[in-house]
Amino acid sequence: MAMRAAIELLLGIVFLGYIMVWLMSSTNIFYLHWMPRVHAETNFTFIGAQGQNTLIFTFPIIFIAVMACLYLHLGKKLGDHGISKGGSMFDRWKRPVLIKGALGIVTWTELTFLLMFIALLCWSIYSYLHAMFAPIRQEAAAEGLKVWEVKLSSLGLTLGLVGNICLAFIFFPVTRGSSVLQLVGLTSESSIKYHMWLGHMAMTLFTLHGLCFITFWTETKQLSKKMLKWDDLLVSNVAGEIALTAGLVMWATSFTCIRRKMFELFFYTHYLYIVFVVFYVFHVGFSSACTILPGFYLFAIDRFLRLLQSQQKVCLVSARVLPCRAVELNFSKSPGLKYNPTSSMFINIPSISKLQWHPFSVTSSSKLEPDRISVMIKGDGHWTNKLHQKLSSTSPRTTHLKASIEGPYGPASPDFMRHDTLVMVSGGSGITPFISIIREILSQSNTKTVKTPKLLLICAFKHCVDLTILDLILPVPESANAAPLDFSCAELRIEAFVTRDKEMKPEDESSSQIQTLWFRQNGTDSPVAAALGSNSWIWLGAIISGSFVIYLVLIGLATQYYIYPIDGNTNMRFSTPAKAALNILSICVAVVVTATVGFLWNNRRSSSQTTPVLNRAIPAPTTTSPATLLSGGDSESAEEVESQPRNAIRQATTVHLGKRPNMNRILLEVEGESVGVLASGPKKMRQRVANYCQSSIADNLHFHSISFAW
């Protein structure tokens, strides 16, 4: 614990120092680097700029990422994630303040940091313009230009410099296995909106940056000359135009109206980030690109590790096909793979599409099911409908279905355990993350080592047939290797609302059986294994630090013996794009070599602890139906065919037909000193719940929005 406290203090000091660097960067870096590059009439080489910027902007974040890995490893080893029962002094800062609007549901903490970031951008704009406008008349007279033309050029440069600040932070939210995000209690899924905010701000600034210079070149009659300029020493305009074009294509396809209707177009055009980053570096030079290097560096490591993991074919052991066009997939996993509830993972099934990857919430618990991991997939689109159709027409134990996995990714600790009562509000398939929470708490309540919170699940479905999703609260019997669960230890209540059906129809009862499929296995498949990240923080820290050291050594040798030879031969002059390309190549080599070695070594260690997947002849589980849920589970026939856990689920469930939940009344009646309210599902539903939790009469309610919608 003393070591963790020392790491916390050290990380705090480094982080505050890093913030101070950004506050001063608009004046320091401007005078030392950008002014000479823009206004120099002769060939200018800023000796040492790359080393200085690497030390100032890159090293602190790499250091924080490595120390965060050590901190998280110690927390996992000690089993202490800083979870305390009841509320904390920071709970009020986590309450929602903005409910409806373009930013979505925003807490006081998020709003505060957003305003601070906007203040940083405004300060930078003021600082840059103040410095550039001071000698504006002398520059205009010396260059034979009008004052407003020089001001327009200065404004364009300022917008580009401020856009770099947004770009410096844009890769952190999309680094799925990031130790930096986990350190502050965030996940990539919950941080996607920050990536979107930064993306919109960056592209707005860069677009205005380009328009200002195009207007300036047009007014000064040098448009064609400047647009085609590829300068080997100063700013390369052509590279900037290519980067801006790639960025505009990504930006245009990221708006909601296009992203929701044509997700694949949005997804694959976003791979243009490679073109954007490479030509951005060519445009500004690697020394200036050091501001975005730490975020991109950590993202590159994470992306390559995900690529290595996705090359493995994993075992699909069984599947449950629900009549509501939903399926549960059960994969074999290594016992060493640990994850927390509300985690998600990306799945690719080559027999359906070799290119498409889709994210899904994990419904299993690594404590309850040590050798299985499962997800539920609702048939709402072309890919998911094809999967449902494929499994619906599959005969048991005759099919071998291959899949690839990335993840799982999730929070570093189950923060919801600190509450006395958990109220989980879901709509439709939004129930999936809550299934994992219920399984986790059921598992812990059976151990009787910790006090678990009371559970209230409020779920809304459209039709009665959707009630079969509740049957997934219990895992497939093959996955439950331990003794049957004892529901007497857990206080669970389920309020199920069917909004469109006012009565149970005969066809619903007759078509409500759940089909369970078992799949053959072969020797080429492997279980889902820990791909570093949250399961091996020490390995991730070693890869980050080792690859960064290798990069520094490579670029140091190249600089000493190739770019600036020690024999003093100045005939070999490297252009700015060439030096940028050499740096990019060195980063790629360092990341690929170190990550590959770490991944293979960790995989070898995991495989030695994994038992082979066997086909076990276990009978298919008995299934429930909406009819048994509606009857309350008191019929003798139901008692004979259902196990005790399933009887407990039915007895804990109250079904309301033709009604919608009255959230204000339900939340008002919830008792507890600290009540965690988790909402997952449609946007309007989450907003209604957040609106009530925002009110002053709900001081004991702590709202958490779970949304995986991009």
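Using N, Cα and C of the backbone, Cβ positions are placed for all residues, glycine too.
Remember, predicted model here, so these are calculated numbers, not experimental data.
Feature list (source: TrEMBL):
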- 9-34: transmembrane segment (TRANSMEM)
- 54-74: transmembrane segment (TRANSMEM)
- 102-126: transmembrane segment (TRANSMEM)
- 155-175: transmembrane segment (TRANSMEM)
- 196-218: transmembrane segment (TRANSMEM)
- 238-258: transmembrane segment (TRANSMEM)
- 270-300: transmembrane segment (TRANSMEM)
- 309-415: domain 'FAD-binding FR-type' (DOMAIN)
- 537-559: transmembrane segment (TRANSMEM)
- 580-601: transmembrane segment (TRANSMEM)
- 612-646: region 'Disordered' (REGION)
- 620-633: compositional bias 'Low complexity' (COMPBIAS)
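Counting Cβ pairs under 8 Å that are 6 or more residues apart, the transmembrane segment (155-175) and the transmembrane segment (580-601) reach fewer than 3 and are not in contact.
Just going by CB pairs under 8 A, the stretch in 196-218, 238-258, 270-300, 580-601 that sits most against the transmembrane segment (537-559) is 580-601. Counting residue by residue with DSSP, the domain 'FAD-binding FR-type' (309-415) contains 14 helix, 43 strand, 50 coil. Contact count against the transmembrane segment (54-74) (Cβ pairs under 8 Å) is highest for 270-300, out of 238-258, 270-300, 580-601. Model confidence over the domain 'FAD-binding FR-type' (309-415) stands at 84, taken as the mean pLDDT rounded to a whole number.
Packing against the transmembrane segment (196-218) from elsewhere in the chain are residues 103, 114, 121, 149, 152-153, 155-157, 159-160, 162-163, 166-167, 169-170, 173, 225-227, 237, 240-241, 244, 247-248, 250-251, 254: each is 6 or more residues past its ends and has a CB under 8 Å from a CB in it.
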